[in-house]
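What follows is a set of notes on a single structure, which appears directly below.
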Amino acid sequence: MEGVDHLAFERNKAQFDVDEMKIVWAGSREDFELSDRISRLVASDPVFRKDDRAALGRKELFKNTLRKAAHAWKRVIELRLSGEFSALEPEAYKLRAFVDQPAFTDLHWGMFVPAIQGQGTDEQQQKWLPLAYRMQIIGCYAQTELGHGSNVQGLETTATFDPKTDEFVIHSPTLTSSKWWPGGLGKVSTHAVVYARLIIDGQDYGVHGFIVQLRSLDDHLPLPGITIGDIGMKFGNAAYNTMDNGVLTFDHVRIPRNQMLMRVSQVTREGKYVHSNVPRQLVYGTMVYVRQKIVADASVALSRAVCIATRYSAVRRQFGSHNGGLETQVIDYKTQQSRLFPLLASAYAFRFVGEWLLWLYTDVTERLKAKDFSTLPEAHACTAGLKSLTTTATADGIEECRKLCGGHGYLCSSGLPELFAVYVPACTYEGDNIVLLLQVARHLVKTVSQLSTGNKPVGTTAYMARLEQLLQYHSDVKKAEDWLKPNVVLEAFEARAARMCVACAQNLSKFSNPEEGFQELAADLVEAAVAHCQLIVVSNVYALSLLHKHLGDFISTGCIDPKQGSLANEQLRNLYSQVRPNAVALVDAYNYTDHYLGSILGRYDGNVYPKLYEEAWKDPLNDSIVPDGFKEYIQPLLKQQLRNARL
Ligand SMILES: CCCCCCCCC/C=C/C(=O)SCCNC(=O)CCNC(=O)[C@H](O)C(C)(C)COP(=O)(O)OP(=O)(O)OC[C@H]1O[C@@H](n2cnc3c(N)ncnc32)[C@H](O)[C@@H]1OP(=O)(O)O
Ligand SMILES: Cc1cc2nc3c(=O)[nH]c(=O)nc-3n(C[C@H](O)[C@H](O)[C@H](O)COP(=O)(O)OP(=O)(O)OC[C@H]3O[C@@H](n4cnc5c(N)ncnc54)[C@H](O)[C@@H]3O)c2cc1C
């Protein structure tokens with residue numbers, strides 16, 4: 001019935017203060033109040049209606065997204081939420097609070113602006129950022145090409161310096177050099193940060209960033225030499241098709257020399273290449289920034305799916321009725337708990353490790369200003385590794401939440417198919433997850449190899465300094481509750497990671513050609529990198545479900561024995577029993593509106609069945625009792641069958 005809270009009995013079981021947990025989840029009372037205010041404004045604004053997306057064609061879907069993004073920006077200004085008034089969160093996130101579907105603004109604010117902030121000189125920032133902040137230009141991040149995405153050093157677009165005119169000539173020499181994938185590029189962006197090979201006097205200086213105008217600010221037509229369009233439909237129906245991922249080719253397009261982003265390297269008027277003594281990888285800085293943002297994104301996406309699956313698992317009853325009584329809530333089945341509660345814990349874990357990663361990123365950014373590059377490798381390894389770990393776990397977790405909701409999880413009205421379709425490219429964009437884990441593996445192998453030179457590992461590899469101890473380590477767990485001691489869990493995860501890293505390093509040393517060895521052992525190296533990244537999350541939060549899932553590693557590396565493994569599993573079951581009465585309250589703490597969740601199964605009031613039934617009739621297929629096509633195709637069939645039957 002309307003207005004009844006069908007989950008009140010669950011909420012009354014909570015053993016903690018949900019309002020306090022809402023502040024913890026939001027990060028601060030200020031952040032909570034802002035996000036709460038925005039989400040309620042959005043839910044009550046008809047422009048942000050999203051229950052019609054599944055029925056729209058691509059062009060209407062896209063136009064609708066433009067309308068929403070424009071309205072969102074207008075509201076951000078009206079509510080004085082823009083950066084000038086509230087530095088609480090970069091615009092990208094405030095706008096995404098309004099338009100929670102992929103839109104060009106993600107890339108304008110999420111990549112184009114950060115690229116200029118991170119790689120532009122002060123003069124270039126003074127010129128371009130005010131235009132970008134006021135959205136008088138709209139930008140995208142054009143790095144990936146048809147032929148290369150992971151291998152940035154393999155990009156083929158060229159930027160050739162012409163000393164006669166003091167310009168760069170941007171050109172696409174091959175079909176595979178076509179820029180391909182950049183979000184916002186296909187139909188909206190007026191400018192791009194384009195990554196191209198810098199060529200001076202025939203010499204190739206590698207990949208650098210260039211600001212290039214793509215379209216006229218008068219009639220939005222592509223400028224001379226620019227061919228540009230959308231790359232076509234992507235996975236899912238609505239999903240990422242609200243975004244104009246584009247294709248772009250250059251036919252000798254000229255830009256002024258001062259549009260090469262020159263914070264890291266410069267080209268003088270005479271055509272001299274100047275590379276100040278900073279790591280060339282600073283040109284990758286925008287990717288590092290977004291990877292750390294993607295970890296926070298993972299906690300949001302996973303928590304949305306977990307919220308839906310938890311509330312529905314508390315509403316759904318199946319089997320177990322005695323003498324006509326109520327059937328059992330599926331959330332009471334241990335199998336449902338063993339699949340759902342680790343994801344509930346993961347959402348919180350990723351939320352907290354995302355906060356830590358933001359601290360790490362901010363710290364390395366401050367250090368870079370002082371030309372202190374000492375923590376750059378750690379920042380790269382952590383952002384790459386945690387982006388990979390959290391996006392893989394989240395994509396798998398959203399799919400698991402769909403399955404936890406049975407058949408109804410497969411309905412668009414559950415919100416889960418759309419959430420999955422929008423989320424899964426996160427395992428690929430901003431760096432393919434395997435490619436990034438291999439970067440982590442390189443960092444770990446390098447750390448282990450430097451131990452013998454007395455190099456003291458720092459940061460997240462500091463545990464490697466205790467290698468001898470960790471190689472001798474065997475857990476002294478005797479009873480299940482021993483696994484509740486954080487240091488007991490931490491030592492097991494440290495020992496597992498250390499042993500897997502050392503095993504890889506030892507196997508690598510058998511190869512005369514280190515690179516050949518690295519390729520041969522790549523699969524083992526990826527597993528060692530996963531073990532290291534899970535340790536980072538564990539040392540910030542949770543663990544036992546991971547230990548149970550990866551029990552093979554822990555036993556094969558000798559860190560624990562089978563008995564201790566089964567004690568960990570016993571303790572896990574005990575923890576599930578402790579989580580059970582708090583499950584609905586823990587997902588209420590995310591403070592998501594029904595509008596934001598977009599899920600009938602995840603409704604706050606748990607009033608699922610009447611709303612599911614009501615929603616079905618809205619489908620356009622139900623506009624007519626007899627469906628289009630019946631008279632042309634099916635009726636003749638039936639009549640023919642009827643005739644055959646009478647013969
Ligand atoms: C609001 C938000 C909305 C967010 C909204 C998000 C929407 C989605 C938008 C998506 C956008 C995109 O996908 S944008 C495109 C994303 N593309 C990618 O991520 C490409 C992934 N590939 C790469 O990053 C690179 O190719 C990589 C794999 C690292 C290899 O690079 P290289 O070949 O240049 O380097 P290597 O030879 O491997 O390593 C040389 C050394 O450089 C170091 N190194 C490598 N990368 C480094 C880095 N980034 N920072 C520091 N150091 C680095 C290595 O550790 C080595 O150190 P030593 O060992 O000490 O020498
Ligand atoms: C939705 C979406 C949005 C995007 N937005 C943008 C954007 O705004 N701007 C932009 O510039 N790009 C964007 N991209 C492109 C994205 O960054 C690339 O697709 C991504 O970096 C992966 O590169 P790739 O496509 O070349 O994959 P590939 O590297 O070709 O991957 C194919 C397979 O090869 C494997 N592989 C590759 N190299 C190695 C190796 N050395 N060792 C082992 N295995 C390897 C990978 O693991 C993978 O299994 C977007 C992509 C998507 C899907």
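Any Cβ shown, glycine's included, is placed from N, Cα and C.
Note that TrEMBL annotation is computational and uncurated.
Features as listed in TrEMBL:
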| type | residues | note |
| --- | --- | --- |
| DOMAIN | 17-138 | domain 'Acyl-coenzyme A oxidase N-terminal' |
| BINDING | T144, G183 | FAD binding site |
| DOMAIN | 284-445 | domain 'Acyl-CoA oxidase C-alpha1' |
| ACT_SITE | E430 | active site, proton acceptor |
| DOMAIN | 539-639 | domain 'Acyl-CoA oxidase C-terminal' |
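What TrEMBL annotates, mapped onto the structure for a quick look.
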{"residue": "T144", "record": "FAD binding site", "Cβ within 10 Å": "18"}
{"residue": "G183", "record": "FAD binding site", "Cβ within 10 Å": "25"}
{"residue": "E430", "record": "active site, proton acceptor", "Cβ within 10 Å": "25"}
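If you measure from the Cα atom of T144 (FAD binding site) to that of the residue listed as 'active site, proton acceptor', you get 10 Å. A Cα-Cα distance of 12 Å separates G183 (FAD binding site) from the residue listed as 'active site, proton acceptor'. In the predicted model, the domain 'Acyl-CoA oxidase C-alpha1' (284-445) shows an average pLDDT of 95. According to DSSP, the secondary structure content of the domain 'Acyl-coenzyme A oxidase N-terminal' (17-138) in residues is 87 helix, 0 strand, 35 coil.
Across the domain 'Acyl-CoA oxidase C-terminal' (539-639), DSSP classifies residues as 66 helix, 0 strand, 35 coil.
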